[in-house]
Amino acid sequence: MSRFEPRRFLLGLAAPVLALLVAVLVTSLILVITGDPVADVWSQMLKAPKPGQATDMINNAVVLYFSAIAVAIGFRMNLFNIGVDGQYRVAAFAAAAVGGQALLPGPLNIVLILLVAMATGALWAGIAAWLKVTRGVSEVISTIMLNSIATGVVAWLLAKVAAEQSAGSNDIGTKRLPDSSHLDGFVLLAGTQKKVYGLIVLAVVVGFLYWFVINRTRFGYDLRATGRSESAAVASGVNVKRMVLSSMLLSGAVAGMVGLPLLLGENYNYGTDFQAGLGFSGIAIALIGRNNAIGIALGALLWSYLDKQAVTLPIATDVDDSIVKIIQGVMVLAVVIAYEVVRRLGKRIEQQQVTRELAAQDRQPVAEGASA
Amino acid sequence: MPSTGTAVELHGITKRFPGVVANKDVEIVVRTGTVHAVVGENGAGKSTLMKILYGVQRPDEGTITVNGQQVDLRSPTDAIKAGIGMVFQHFMLADNLTVLENVVLGAEKLHGIGAGARKEIERISQAYGLGIRPGDLVADLGVGARQRVEILKVLYRGAKILILDEPTAVLVPQEVDELFDNLAELKSEGLTVLFISHKLDEVLKVADEITVIRRGTTVQTVDPKSVTARRLAELMVGSELPTPQTEDSTVTDEVALRIEGVTLGASAGPKVLDGIDLTIHAGEVVGIAGVEGNGQAELVEVVMGMRDANAGTIMFGHTDITDWHTREIREAGIGYIPEDRHRHGLLLDAPLWENRILGHQTEEPNVNGLLIDAKDAKRDTDRIVQEYDVRTPSIFVTAGSLSGGNQQKLIIGREMSHTPKVLVAAHPTRGVDVGAQSAIWDHIRAARREGLGVLLISADLDELIGLSDTIRVILRGRLSGEFDPDTVTAEELGAAMTGADTGTHADTKEEGA
């Protein structure tokens, strides 16, 4: 038996494809029931995006990618960091406030912004980790609560440090980053002036590091072992409390990066109009991408594609763009179910294969030993 | 014994899974009012057969006849209707509910959930001498009592034919005897028992007839009165058994592990471990006998650093490791064969080579600095698979897809590969077939000759007597008595394990230290 098994690969691919089909089916059904034009909606959704739109999709996906990786770090050891949403907002605010002061010249300020964002995200997630390790508080509960606390804290601090209000707007925000701290990115797709966020590079680096640390390092092994069986991990010498603390801090640090592409490449400050809710999409994308660095990238692109295609839906078809939320929701549910079904199926097939191959070995005892 | 008719007849039962035949032409005839044992090695097809009889799986060919009528069992519900009940090896009881609540759960329609059900439970308990009180909380019950609750659950649902899957695996000798008394009671009331096991002496003791299964098919049905355990084992494995050899002592003066005054538990109330003193020398196997739940598991966890003792010290050679963390203890050279390999010994969803790393994440050949050295780990896994005869098609299949015996051989191979100075082995051959058992014993004996000190926890007296240089008995968290395995009898050990020798155990306590 070889390392690479086409069957396992196909099984892995079957789950997301199946989930997508189910999502399409259920959504179509809903459209039929509500008497909406099914064909029109799908032709609109499947219309090839223009280069400008495509760039938007990529940019949105970059942001979602950080969010989903942050969630996935926790998932890999059965930690549910529902608090990415709060973590990135607190982090983005802190980074914007510090960055706006222009304490360091040029690119150094960008590095400072990055570090402040990571540290703040880690700190905010660290509260939940600390509560879990010392008091046994479920991280699900504490991170959800910290999300809501984050909203309050950021609003309050924003009012304190707010720079001048722009004329005719109720929006307040932190001081604008100096021009030298802007990362406007670069034009990726021909046929548009729109630029892809410069931090797409950071996303690729984070994705690679995520894969490398989880799969290639001792720390990653301990983390995965804890996720697979905490009791076995403890018996193998893993200090589970320390693992909870460090993985939560890592997750928070990555969560801290979620807002940076927006801060450095689009908004240049943190204001009341800063995009919210990115943390929750991250949970869904981590599920769809199966905590896999590449899978999450594809999931983020798909998610972002659906988000952006929906924008024109009401104009073109008179169907509200909330239908996309239904597609996304059904997809996540279907994907979770499909993965579990595929996992069980794979397990059963493997068991049968082992029995079969052992029986075959028994019949010809000359060919001894394990053939790897 | 009354044996008027047949309770169950299986004829020509064949069950294929894609590419493999789990059962082939199985022929079993179980007479009413008898205890019929089905024995076979792990993976011989016993469980598949019982699943077929309990309606969990359907046979591809063959017929099932219950009480003279051919039946088609599509689900356990059908089986229960036909009067067949199953007591699983792993109990399915809710700890925080009472016996009554556990029994009526899912069978509320039979006798309600109140006085009627209570009366019925008391009646069944009386009739079969189960000694179960409906008001007791299951959490307070011992293993034997829990098993009787499971039996009662099945009887409550009207079963006349009981399937017991490896019922003695979780019991100690005294409890086994009680169970056998219960089975005799059931038999005398005209019920039929199908008893699945691979413990041959027990089968010989309790069964009226024994059917041997090998490689999915029934080999022979024999009369326990006219067959020896050895002959049965030979039927099971299909070959001659190796004769156990007595070996010279390899015990040295060098202390490998010294446990002094280890105590676990709050200062008030009973202690889980109470002043444990124990010394293991290099080349010595110290066996701990005891009824399960008397502190064995906790002793292992304290030694392995998974729990902190409230008092006492643990010396590894000349080093005090009392406060060490599990990882440091394992790195220092204490190997660990956990009691529950699924919970503590393996990552069932991970491939074999990743399981080879488990417990030795910081040691050669698994790592290279801070990185996992997958290449070397894989190569070494291949070596373990070869040397320890782990039966697997490859090292890339998940640990969960192997049989229990092969999982255990992998664990033994892994632990031995790091040349431990001390091995903590908790029930090293539990749930393992005869072939794997003798292989595991040989590995432990070989390592002992090389100077390994072994702390052996076991419920299998043959294993304790066959492997140990010294046997200690643990009772209510205290070590009592020290026995020489060459001269001790099972009766003596049994008495010490239950405290029947109360007069002496307090005095002999200090001897071993």
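Count begins at 1; order follows the chain as displayed.
The backbone N, Cα and C atoms fix where each Cβ goes, and this holds for glycine too.
Through the fold, the transmembrane segment (A:9-33) approaches residues 41-42, 288, 290, 295, 319, 323, 326-328, 330-331, 334-335, 337-339, 341-342, 345-346 of its own chain, all at least 6 residues removed from its boundaries and within a Cβ separation under 8 Å. Summarising the annotation, TrEMBL assigns transmembrane segment to A:9-33 (among others).
Residues or ranges marked as transmembrane segment by TrEMBL: A:57-75 (among others).
Here TrEMBL flags A:87-104 (among others) as transmembrane segment. Within the chain carrying the transmembrane segment (A:87-104), a Cβ under 8 angstroms from the stretch's Cβ atoms is held by residues 66-67, 70, 81, 110-114, 116-118, 120-121, 124-125, 146, 150-151, 153-154, 157-158, 161, 163, 173-178, 181, 252, 255-260, 262-263, 269-270, 274, 276, 278-279, all 6 or more beyond its ends.
Long-range Cβ contacts of the transmembrane segment (A:110-131) within its own chain (Cβ-Cβ under 8 Å, at least 6 residues beyond either end) map to 70, 81, 83, 86-88, 90-92, 94-96, 98-99, 103-104, 137, 139, 142-143, 146, 150, 177, 181, 183, 202, 244-245, 248-257, 259-260, 263-264. Residues or ranges marked as transmembrane segment by TrEMBL: A:110-131 (among others).
Only residues 6 or more beyond the boundaries of the transmembrane segment (A:196-214), in the same chain, are considered here, and those with a CB under 8 A from a CB of the stretch are 55, 58-59, 62-63, 65-66, 69, 72-73, 76, 114, 183-189, 220, 223-224, 254, 257, 260-261, 264-266, 293-294, 296-297. The transmembrane segment annotation in TrEMBL covers A:196-214 (among others).
Taking Cβ pairs closer than 8 Å, the transmembrane segment (A:243-264) reaches residues 59, 62-63, 66-67, 69-71, 73-74, 76-77, 79, 81, 83-84, 87-89, 91-92, 95-96, 99, 110, 113-114, 117-126, 128-130, 132-133, 139, 177, 181-183, 197-200, 202-203, 206, 210, 219, 222-223, 226, 233, 270, 274-275, 278-279, 282 in its own chain, all 6 or more past its ends. Residues annotated as transmembrane segment in TrEMBL: A:243-264 (among others).
TrEMBL lists A:276-303 (among others) with the feature transmembrane segment.
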